[in-house]
């Protein structure tokens, strides 16, 4: 194992065999590589689980040490990224894993130990490879000597980091996969319709093809004048323009602006009629005396009439410093004169150009690497320059480091963009004024200002869906040159890779070479021709500052912004490729590449509202109008989640409170789900209880009916008993249901006793016995031989129901007679009741 310094615990991800261990003393100058013998291994099968779709390994290096964190492992160069796995391919080390498109520079370093080294007995040089990323990290890998692994990795980076053709990017190899894209033109038209107050309208591909999307309201209209990109190849196919300016006038006006980027509306207030518009610089020339009536009329049309008042005021905001605008006049550009534009005021914001921003970010990256805890020279800040205190020694060094942060200029640039955007938003919100914003070409500083001002003015853009619409409208549709700013190839040309110095003899801290300056890299182009610049990154940094100032106003979180930047810098998806909407359409980006927005949406769908992309504190009712921060609140800070995540990983978790809140929210959601499940079970139990109560109620009704039936049967039995007794019989009902009938008169003629049984048969033909006889069953007089029965003979001669042919008018009746009294003993008591037998019928 590459032994950790005394000030740092060993990495849990690193476990090597005893023979693979590396001795070290805390800095890469003390690494001893000679004890590791080169070994030959094949690419482990375990690495396949880490590869994305269509990602394959190009080169691998074993026994590589990530100097920043003292972690040993295996380094793979794939067609998408540098992939660094801990020894044994057990885990990805995030610090050493970086997409190829995110790499800004790389160079080989052969560090020779200086004279007077702490370990003079060690000889030879250390094989190091420095990687400088656009995402604020500087990585250094250490390789074994005499293995040629560093050369193999370096050559692979030369081939893969800056591909010669656009179609060689991984985004095309990965394809749309499950993150298929929809046509962004449809989304742009839907956003225009929302701005015009026609949110009910849903655009379609057919409407784009037949040109039926040219809708309008009382002030503004959607124009198809640039539908074929013939007017301006860097503008979108559809433009939002004043309603009463014809397309012919628009075509005349565009020639007066640089790159034909004429004034076009990017946001409008439906209530007041105020607008935000954007353009490029006017071509007024060196003497600032060139004019265009068509351009002046178009700009004047941005200022509609205020109800009951004169026409509203127009501010023309030039994002450049005044001296830069004047300098551009020598090349035919320049700035407007307020005398030529009715009721206008010219304001200069003093925002520096793309080269100043690139160098500023480089200085900030160096500062963080120097004063962070995961330094690229293998020494933490506790050990810097041999000292054991913070910052490398003493109070003066601490003060110097703070001063160095200010010297980077990054926070000043961020503050300038924030202040300019807040000023624009205030003019629109407080004065109902219209503002036209431009810089030189109108696609860098202009985009920053109008999109940030729109974010402040419109709460919709502070939602996740609205933020996507804002980025697609102002950054993508209006032609921010992402390929040029990221150093990626375009369909119109290739990227000439700048070669880095392959060797060098560097001082103790070789990484302090000013990675943000052009001197660290031998370039084939001049400083002015280097078009790389972190313009979009700077804008997202400004958004993060607003999110810090207004934590309740944004639906998305800082984690969402970080993931958005990582996806943009990696070029994994097609959304940010090329320089304009026209180029993306020509390259077939939407069909050939995956969609970043779909990918982020799938991430959020995995955890729902508890996902890290959602801001836990979002309250749309708290800030349902414009955000107008005062000047005192516009003091920016380093963005911990992005700027510090590699240099100071523990401090980058500045959102620990938010993380704990998210954890509590997730736990609350689990408890809420458990509560809902318990309530569902309780509802099921209540339904079951209600069902049982209903059944019990029915049983009670049945029981009541049974009792009533028993009472009725008892009465009927008593009636029959009295009727039978009136004939001279003694009737006794036994407990087993038998009925004993005794004759007390004429004992010589009629048998003294006959048996009357109460029989009840169930469905099986059995005759159960119970204490309560079922009196509704037939009662049969059990007799022996019917023909010899004297009772029957008497019945035949005296019964009025007897027929001449020996039959009986009372069907199925067993009859009995005593003297002149007759009764049919039949168990159909309802029929028996219908006979209307009364005591008077039987006599006294």
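The first residue you see is number 1, and the count goes up from there.
Cβ coordinates come from backbone N, Cα and C, glycine included.
A TrEMBL annotation is a machine prediction, not a hand-curated record.
As recorded in TrEMBL, the features of this protein are as follows:
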type: ACT_SITE; residues: 439; note: active site, phosphocysteine intermediate
type: BINDING; residues: 353, 354, 439, 440, 441, 442, 443, 444, 445; note: substrate binding site
type: COILED; residues: 661-695; note: coiled coil
type: DOMAIN; residues: 200-643; note: domain 'Myotubularin phosphatase'
type: REGION; residues: 503-525; note: region 'Disordered'
I need the neighbours of the substrate site defined by 353, 354, 439, 440, 441, 442, 443, 444, 445. Which other residues of that chain put their C-beta within 8 angstroms of the C-beta centroid, in sequence order?
319, 446
List of residues, in chain order, with Cβ under 8 A from that of residue 445 (substrate binding site) and at least 6 apart:
319, 320, 349, 351, 353, 417, 439, 535
Tertiary neighbours of residue 441 (substrate binding site) (same chain, Cβ under 8 Å, six or more apart):
258, 259, 261, 280, 281
All-chain count of other Cβ atoms within 10 Å of residue 443 (substrate binding site):
26
Across the domain 'Myotubularin phosphatase' (200-643), what does the pLDDT come to on average, as a whole number?
86
Across all protein chains in the structure, which of the recorded positions 353, 439 has the highest Cβ count within 10 Å?
439
